[in-house]
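> The following block contains the structure, expressed as structure tokens.
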Amino acid sequence: MIVLDAFRTARESLIDALRITPGWLATYSVLQLLLAILPGAQVVLIRDLIDSGDVWRPLLGLTVVVGSMYPLTQVSNGVGQRMMLRLRLALRTELAGVAARLSPSRLAGPETVRDLEASQTATHPMSDVAGKPVQLLSAAATSVVLCVAIASINLVSGLLVLAALAPTVLAFTLISRMEAKGWPRVAEHERRAAYATEQLIQQRPGTELAVLGSGWKVAGLVANSRASATWVLDRMIRTAVLYELGAALVTVLLFGGALIALVRGGATGGAAAAAVAGTITGLNAIRQCGYAFGSIVTAAPQAAIYRRFVRSVPAGPRRGMVRQVDSVALGNVTFGYPGAAEPTLRDVSIEARRGELVALVGVNGAGKSTAINLLVGALSPDSGRVLIDGADAGAMAEDERLAHFGLLVQEFGRFEFTLRDAVGLGAPDIVTDPAIRDALAGTFAADLPLDTQLGQQWGGTGISGGQWQRLALARIRLRNAGVWILDEPTSAIDAEAEHEIFTDLRRTSADRITIVVSHRAWTLREMDRIYVIDNGTVAQQGTYDDLMTDPTTRFARLFATQNLTHTSRSR
Ligand SMILES: Nc1ncnc2c1ncn2[C@@H]1O[C@H](COP(=O)(O)OP(=O)(O)OP(=O)(O)O)[C@@H](O)[C@H]1O
């Protein structure tokens, strides 16, 4: 199984190298082929030099052989490195392209992030393998050529030299099998350490930790994860050293046997000297062969993760937008997160029609974001239906379904690109500058050049939390899909700007469906319908005034304080 996986990895890595860097692969193969022939030639030439009467010809040959070994090895190493680097960069670029095509439902699964990170890590061993199949063939060819050269002197010796390949290959197979189990554990500890380190160095969490003075606790978590990784690594290294040592001892015995067989076979002094020189080179070739084989076997499980992941994501960019949607609805939807004891939503029905502004309200954790994710298709209901224009959204392809929505999530992205690129992300197609300007109208960025770089870490403009949220809203404006879903769209925005935004939403709402999650009472006055989600169900629905009439209801209790504050302020 391991050997089969190794062969598959070797074949696929050769195909990758051929696709991405054919010139370097060809050069590398030629150099490796030359290097494979030289040790055998050396054996024959040494024997001739000592045993035949002709000195000059073998001496000249040996000068060429020995003289070219060093530069050929150097150049070949350089070319191998270059090939590796090219392949690594290409694989990482390919992976970014694949990540860009992941759907929200796929991203909602915890295994996706794990697979993506494992694939990213896999690019390293996969690119390391780039030249290894060639190296393996070259080392094997070296051994065969040596075997033939030595066998021409003494058959048993030649066969023993060839047999000496076996212990190393076996040891590396065992080591790789052990590493295939150990590496995922190391990678998991390393992932945790990397995550904790990011919290220390990224601006927002880093600053929060620095202000709290608690960074040392996170550093402790980093140290613990690394200590666990080191423990696994140490064990792997100890075992690997033992296997290698064992293999080396058996190899030495086999080579010793080859030399004894030579002497007992009555070889001449020249032949014996030639065979000794050959075995020294042979040992080196065998080490290389084992190393190349080991790298391929080690990379095989990781390469399999990478390829499985890459192949599991559909090809081609997503396009298209539905600008006019008449209605969307959740019909008697029940949904529970995997492993949760209780469903998060039970028998929930919500509807929004074109021209309406609809709000979802409820305490933290009530299930508002879950309802939104069910609507856009990032989650699938356990029972009930999601309807778009009366049709079952569950039957639509995910791309087709997403084309109906512009979704502003709570944790909106702070994309530190140029202003043009950051806002242009609102639509999947190429967008024009005037369209971007329109989307930015009325915001702080209305008059900024579109080339403005955002984010101080790139030498660009620093932007406040509320300003980032306005850019996120501008993306939704630019997108202008048939259904706008805004999950707390003004949570970081000042009261004055919030007022402008909601007035603008009302003014422009005629041709679309607008669904808003809001915790602010006054913004709800504008709504055509409010759904109060409580304890996983729709507890109430109606307009603001409807819901406020009975002060004992959930809604009135939720917003009574805010209402008082707002009324007293407006007086
Ligand atoms: N990925 C998840 N896996 C398991 N449980 C989840 C997941 N996401 C949310 N939950 C749980 O589902 C419940 C509803 O969460 P949801 O995010 O929908 O609430 P919300 O009403 O949007 O809250 P908030 O006002 O804080 O945004 C919560 O109890 C939460 O713990």
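Every residue, even glycine, has its Cβ placed from backbone N, Cα and C.
These came from TrEMBL, pasted as-is:
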TRANSMEM  21-46  transmembrane segment
TRANSMEM  58-79  transmembrane segment
TRANSMEM  134-153  transmembrane segment
TRANSMEM  159-175  transmembrane segment
TRANSMEM  241-263  transmembrane segment
DOMAIN    328-560  domain 'ABC transporter'
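Any idea what these are sitting next to in the structure?
Within the chain, the transmembrane segment (21-46) has long-range Cβ neighbours (under 8 A, six or more residues past its boundaries) at 14, 58, 61-62, 65-66, 68-69, 72-73, 75-76, 79-80, 82-83, 86-87, 90, 131, 134-135, 137-139, 141-142, 145-146, 148-150, 152, 270, 273-275, 277-278, 281-282, 285.
Residues of the same chain lying 6 or more positions beyond the ends of the transmembrane segment (58-79) and with a Cβ under 8 Å from any Cβ of it are 24, 27-28, 31-32, 34-35, 38, 41-42, 45-46, 48-49, 52, 131.
If you look at the transmembrane segment (134-153), the same-chain residues 6 or more away from its ends with a CB under 8 A from one of its CBs are 10, 14, 25, 28-29, 32-33, 35-37, 39-41, 43-44, 47, 80, 159, 161-162, 164-165, 258, 262, 265, 267, 271, 274-275, 278-279, 281-282, 285-286, 288-289, 292-293, 296.
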